[in-house]
Amino acid sequence: MKIAVYGKGGIGKSTTSCNISIALARRGKKVLQIGCDPKHDSTFTLTGFLIPTIIDTLQSKDYHYEDVWPEDVIYKGYGGVDCVEAGGPPAGAGCGGYVVGETVKSLKELNAFYEYDIILFDVLGDVVCGGFAAPLNYADYCIIITDNGFDALFAANRIAASVREKAHTHPLRLAGLVGNRTSKRDLIDKYVEACPMPVLEVLPLIEDIRVSRVKGKTLFEMAESQPTLNYVCEFYLNIADQILSQPEGVVPKEIPDRELFSLLSDFYLNPINSGKNENIENNLHDFMII
């Protein structure tokens, strides 16, 4: 099974991906996580350091694939999760989709691409071009990470559009949304009411999730010395169990931008009609679509 994780930049995709990978490994699966970001920090909380990228390794070998060995590009992370960083082209040049393609090609050359029960692609930011959507070409499921905010759900809607487009030519389905570090889910519920899709889990607003990224540890590793965090790990295990049940998933029908803008902004501007919103003044922004 191959999973592509998307979401707005900075929403916590890598932290969530690493913990989902551990949860899948805890369920007895052989897992490979592939970071698809030039920052090559997707697997940082699994390995504790920035591992070399496949592109860097290929460049050092003059792209002689026969000179590349599995141990050159695949690193063992916490909990037995194998880790690969695709890397990316220089800033302002090249295509991220090409890098993903080269990564998959390299893993196939090493006979490693089909050795795993689960391959999880952790993909940078929003889908702004076909290159960034490249991991969807290989995925069975897409998971979108969001929060209870306007911008993240706007990005989620664009990703849903990419899933729908790719589903025309690939056996791809949207497994659902994961709400990350949010104390409420009312806006998420408002969105999925208009654009039906599963909500796999909503993770609580706790500082330890953010701190884990800085420490270079997953919540599972932190829970070994802080048993009070075990309850947070259960959220990720629940996501893993839903994925392993091979859900039917959906081919989403995204909401047109202007309709989504009206839907979400109305939620902020008319809290009486949209339900209670205690922090309306903190969440209100100036929105404008030209």
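Residue positions begin at 1 at the first shown residue.
Note: Cβ is positioned from N, Cα and C throughout, glycine not excepted.
Sequence annotations record features per position, and here Swiss-Prot assigns ATP binding site to Gly10, Ile11, Gly12, Lys13, Ser14, Thr15, Lys39, Asn180, Arg181 based on sequence analysis. Residues or ranges marked as Mg(2+) binding site in Swiss-Prot (evidence: sequence analysis): Ser14. The [4Fe-4S] cluster binding site annotation in Swiss-Prot covers Cys95, Cys129 and is backed by sequence analysis.
In this structure, the CA atom of Gly10 (ATP binding site) is 18 Å away from the CA atom of Cys129 ([4Fe-4S] cluster binding site). Pairwise Cα distances among Gly10, Ile11, Gly12, Lys13, Ser14, Thr15, Lys39, Asn180, Arg181, the recorded ATP-binding residues, top out at 23 Å. Of all the binding-site residues given, namely Cys95, Arg181, the one with the smallest number of surrounding CB atoms inside 10 A is Cys95. The two recorded residues Cys129 ([4Fe-4S] cluster binding site) and Lys39 (ATP binding site) have their Cα atoms spaced 18 Å from each other. Recorded residues Gly12 (ATP binding site) and Cys95 ([4Fe-4S] cluster binding site) have their alpha carbons 23 Å apart, per Cα-Cα distance. In terms of C-alpha distance, the listed binding-site residues Ser14, Lys39, Arg181 place Lys39 closest to Cys95 ([4Fe-4S] cluster binding site).
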